[in-house]
Amino acid sequence: SLYAPSAMVFSVAQGDDVAAPTVVRATTVSCAPGARGTHPDPKAACAALKSTGGAFDRLLSEPNPDRACPMHYAPVTVSAVGVWEGRRVAWDHTFANSCTMAATLDGNAVF
């Protein structure tokens, strides 16, 4: 193939135990040669991933300062597992709660 494989599974799970998550939702995306998968907008997800240059921490942004989140701990973990541009990827990030997750992923097309 002329394209390096890019096939990922993205999940949002309750809790902070990556080894045994309680998955709330999961989607798949394959970006080469065309965007497809179970993700609601695979084209936008592929564009967001491509913009990271493979550094998935770049999916995170400074939390929106106009959004106030409660200070309770109900951890939510997002993860990306699969192959991105020919390299195996296993990335995750845990947030204090779903509000903090939404504020930090503000406008992100992946999760």
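Each residue, glycine too, has its Cβ placed from N, Cα and C.
Positions annotated as disulfide bond by Swiss-Prot, on the basis of similarity to another entry: Cys31-Cys46 (among others). In sequence order, Ser6, Val29, Cys31, Ala35 are the residues of the chain that are 6 or more apart from Cys46 (disulfide bond) and have a CB within less than 8 Å of its CB.
The Cβ neighbour count for Cys69 (disulfide bond), using a 10 Å radius over every protein chain in view, is 17. Swiss-Prot lists Cys69-Cys99 (among others) with the feature disulfide bond, giving similarity to another entry as the kind of evidence.
Fewest other C-beta atoms within 10 angstroms, among the disulfide-bonded residues Cys31, Cys99, are seen around Cys99.
Under the three-state DSSP scheme, Cys69 (disulfide bond) falls in the coil class.
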